Amino acid sequence: MSCDFECLSCDAANYKLMEKARNEKIETVWDRAEAMQPQCGFGEMGLCCTNCAMGPCRIVKVSEDGPKKGICGADEDTIASRNLARSIAAGSSAHSDHGRDIAHALYHAAKNPESGYKVKNHKKLISLAKEWGIDTENQDIKDIAANVAKTALEEFGKPFGNLRFIQRAPEDRKKIWNKMNVTPRAIDRDIVEVLHSTHIGCDADYRNIMTTAIRAALSDGWGGSMIGTELSDILFGVPEPHEIEANLGVLKEDEVNLVIHGHEPTLSEAILIAVNDPELIELAKKQGAEGINLVGMCCTGNEIAMRHGIPMAGNFFQQELAIVTGAVDAMVVDVQCIMPALSQVAKCYHTKLITTSPKAKIPGAIHMQFNEEEAIESAKRIVKEAVMNFKNRQGNIFIPQEKSKGFVGYSNEAIINALDKVTNSTAHPSGTVKPLADAIKSGVLRGAVAIVGCNNHKVLHDKGHVELAKELIKNDVLVVTTGCGAYACIKAGLMSKEARGLCGKGLATVCELVNIPPVLHMGSCVDISRILLLLSELAKFMNVDIKDLPVAGAAPEWMSEKALSIGTYVVASGVYTMLGVAPQVTGSDNLTRFLTNDVKDIYGGYFDIESDPKEAAKKIISCIEEKRKILSI
Ligand code: SF4
Ligand code: SF4
């Protein structure tokens, strides 16, 4: 590494582990990013095509010389939009397949006692069953759960009609989607259609390619992700605020450390049951450990933190550093955001890297298939592997002391409950978004911004999230956060109630009255569907469309295809969205203009790009104030 650690991350826990990694000759994401420089300009601009074996083709933009069309004749607009559309489809497929797995788990909970899953939230189950027209009168709860699970699974491949959750959107939004022919139909169909239409010799019109891609993205936000969130709440419980600890300091020297990393709560919930099994705890003690310490990483960490108060060890860029501590006895992973490099790092320590999904095997890792049909037994076998590895620890252990406290688990239900406590229940009905609407209308809150997404070496690790959140709360803008952005915020103390001291007067007063932190943790990346629903309810209550609300989205450090899908469905739902890293589209002027300008006239939302968090905050606040002016509030 050619620069100091401070120019790579703003998390002090990382500096010590980066130094340990350097001394122990362990390569990390930052080393590989440096070795990759300069990155390919064609790829950076979205101008490389490998869609058929006549390629690869690349379009030369930087000089008059060089090809301006691919061998088939595809131009820069076609190539860049096809690449983007395929990435959006991949992102939508990842979230949606997650949703499908949760639906399968719900079905097992209803029909297969061997699975060990149990339906936790009957109220939410019955409410969703009624919404979907499923008979609940005198029905056994397990039959209702099975019918809800089957109906959810049918959303993926139904031959006719549109997705059921679309009905939750405001009327004006549905009209826009219908007019633009982007109303999602069946999740798998909408994703497949992107792949088909971007095959060689199909769609060459960048605007039409984006229409198909927008439909697939909406299938994620208002389909696969929403199914994932709603059914997870039914199966594992609706999140409630918990105070937890975060950062790598949550690892313990005297306990078996099991890091659960990935995305799907079907695995993490079963692992949580297994680590509390008295026989496995006893076994850990026999190996010389004081107990079993379960901690989370990336989105799966968000899932178990918000439902059970399990500590959040670190975000995407900290996964290798967790192993570098030498104190991780097993890192158990399922799908998405798991760096293949982990197996090389794990080899240098005693850590067992355990893959569990047939969708994500890694050479060098141990594969222990996790079966939902016998979830708890599968999980116990995996935990036993971690426990038995404790005695193999070597001498090179260093756990940084850095950890912070904060509150996580603000589901929509939890936010509304918190607000209800400070409203006049005799004058107003409880359980609505009225208090939130009132705070926004009065101007005490200027607006709200969702800060979401990943880590990316193109931006200083965590700085994009933290600096942007600080600027916004200082200006009375409430921040909600998910994914790896949530880790950055909790590590920086922004989810503690003391963070009120960093807020403007209006937001500080709201936080004081409602007893909430100014940055609210709303969960994992699929839980951005919670934010869609909150916006939808707020818009309906205020009798406007989502595009009229003084709100925005921001992904300061995004990197994944899932983030592209999220950004696209958020924009198509009417929300101005700020990106800290430019998408790989800038080689097409037309496509860039479409995404940052033309879509505004169609959907109300549009993309903006700004890597400096302070500048990004200025632009977001100006957008919020413009919306307030139009609403005359
Ligand atoms: S689809 Fe066209 S541009 Fe792409 S690789 Fe094939 S020939 Fe080249
Ligand atoms: S925020 Fe991004 S990096 Fe983090 S878990 Fe989600 S998709 Fe992965």
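First residue shown is number 1, and so on along the chain.
Heads up, the Cβ atoms here are built off N, Cα and C, so glycines get one too.
Residues or ranges marked as [4Fe-4S] cluster 1 binding site by TrEMBL: Cys40, Cys48. The annotation [4Fe-4S] cluster 2 binding site is assigned in TrEMBL to Cys49, Cys52, Cys57, Cys72. Summarising the annotation, TrEMBL assigns [Ni-4Fe-4S] cluster binding site to His263, Cys299, Cys337, Cys454, Cys484, Cys525.
For the pair Cys337 ([Ni-4Fe-4S] cluster binding site) and Cys52 ([4Fe-4S] cluster 2 binding site), the Cα-Cα distance reads 27 Å.
Across the structure, Cys48 ([4Fe-4S] cluster 1 binding site) and Cys484 ([Ni-4Fe-4S] cluster binding site) are spaced 29 Å apart at their Cα atoms. Surrounding the centroid of the Cβ atoms of Cys49, Cys52, Cys57, Cys72, where the record places [4Fe-4S] cluster 2, the chain contributes additional residues within 8 Å, namely Thr50, Asn51, Met54, Gly55, Pro56, Gly70, Ile71, Ala74, Ile79, Ile200.
For the pair formed by Cys525 ([Ni-4Fe-4S] cluster binding site) and Cys40 ([4Fe-4S] cluster 1 binding site), distance between Cα atoms is given as 29 Å, rounded to the nearest Å. Among the binding-site residues listed here, namely Cys49, Cys52, Cys57, Cys72, Cys49 has its C-alpha nearest to that of Cys299 ([Ni-4Fe-4S] cluster binding site). For the binding-site residues given as Cys49, Cys72, the lowest number of other CB atoms within 10 Å of the residue's CB is seen at Cys72. Among the binding-site residues Cys40, Cys48, Cys49, Cys57, Cys72, His263, no residue has its Cβ under 6 Å from any atom of ligand 2. Screening the binding-site residues Cys40, Cys49, Cys52, His263, Cys299, Cys454 for a C-beta under 6 A from any atom of ligand 1 leaves Cys49, Cys52. The separation of Cys484 ([Ni-4Fe-4S] cluster binding site) from Cys57 ([4Fe-4S] cluster 2 binding site), Cα to Cα, is 35 Å. Here Cys454 ([Ni-4Fe-4S] cluster binding site) is positioned 26 angstrom away from Cys49 ([4Fe-4S] cluster 2 binding site), judged by their C-alpha atoms. Cβ neighbour density within 10 Å is lowest for Cys57 among the binding-site residues Cys57, Cys337, Cys484, Cys525. Comparing the binding-site residues Cys40, Cys299, Cys454 on other C-beta atoms within 10 angstroms of each C-beta gives the minimum for Cys40. Cys454 ([Ni-4Fe-4S] cluster binding site) sits 22 Å from Cys40 ([4Fe-4S] cluster 1 binding site), taking the Cα positions as reference. Distance noted between the C-alpha atoms of Cys40 ([4Fe-4S] cluster 1 binding site) and His263 ([Ni-4Fe-4S] cluster binding site) is 30 Å.
Across the structure, Cys72 ([4Fe-4S] cluster 2 binding site) and His263 ([Ni-4Fe-4S] cluster binding site) are spaced 39 Å apart at their Cα atoms. In this structure, the CA atom of Cys484 ([Ni-4Fe-4S] cluster binding site) is 35 Å away from the CA atom of Cys52 ([4Fe-4S] cluster 2 binding site). Sequence-distant neighbours of His263 ([Ni-4Fe-4S] cluster binding site) (same chain, 6+ residues apart, CB-CB distance under 8 A): His98, Cys298, Cys299, Thr300, Glu303, Asp334, Val335, Gln336, Cys337, Ser524, Cys525, Val526.
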